Amino acid sequence: MANKPSAEELKKNLSEMQFYVTQNHGTEPPFTGRLLHNKRDGVYHCLICDAPLFHSETKYDSGCGWPSFYEPVSEESIRYIKDLSHGMQRIEIRCGNCDAHLGHVFPDGPQPTGERYCVNSASLRFTDGENGEEING
């Protein structure tokens with residue numbers, strides 16, 4: 001794992017929601033994330049370490065209330081952890097570089113993968129492919 005900033009540094013630089021989601025495995029309320037309806041072309045990066053995670057071409061509207069993707073940029077970009085919390089069996093997804101919590105992956109997505117990477121906006125930074133503008137979730 002890459003060196004990541006200390007908890008103190010992160011608390012200083014992140015919103016409460018961003019810290020809660022990325023560091024405490026939290027979940028933002030559905031339909032509230034800043035990047036949920038973003039339709040611009042570009043790349044979604046980890047908010048903590050800026051590692052690329054998802055291309056906009058793989059984003060789709062799953063109706064679940066969080067940004068959804070059917071495929072990460074690479075196998076190494078995502079770390080998968082069995083999550084048995086809240087009486088459920090799920091697969092947690094974390095940044096493969098810095099271990100920040102991103103969300104969960106489910107086997108109910110579209111082809112070609114059949115997977116739905118359900119990601120908290122608060123864990124992402126979007127970089128616009130045309131003008132380079134960055135938007136923190």
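In case you wondered, yes, glycine gets a Cβ from its N, Cα and C as well.
Residues or ranges marked as active site, nucleophile in Swiss-Prot (evidence: sequence analysis): Cys118. Secondary structure at Cys118 (active site, nucleophile), as computed by DSSP, is strand. Every protein chain shown contributes to the tally, and the Cβ of Cys118 (active site, nucleophile) ends up with 23 other Cβ atoms within 10 Å.
Sequence annotations record features per position, and here Swiss-Prot assigns Zn(2+) binding site to Cys46, Cys49, Cys95, Cys98 based on sequence analysis. According to its DSSP assignment, Cys95 (Zn(2+) binding site) is in a strand.
The domain 'MsrB' annotation in Swiss-Prot covers 7-129. Within the model, the domain 'MsrB' (7-129) shows a mean pLDDT value of 96, rounded to a whole number.
Taking only the Cα positions, the spacing between Cys46 (Zn(2+) binding site) and Cys118 (active site, nucleophile) is 14 angstrom. Counting only same-chain residues at least 6 apart in sequence, those with a Cβ under 8 Å from the Cβ of Cys95 (Zn(2+) binding site) are Cys46, Ile48, Cys49, Ala51, Leu53, Ser77, Ile78, Arg79, Leu102, Ser123.
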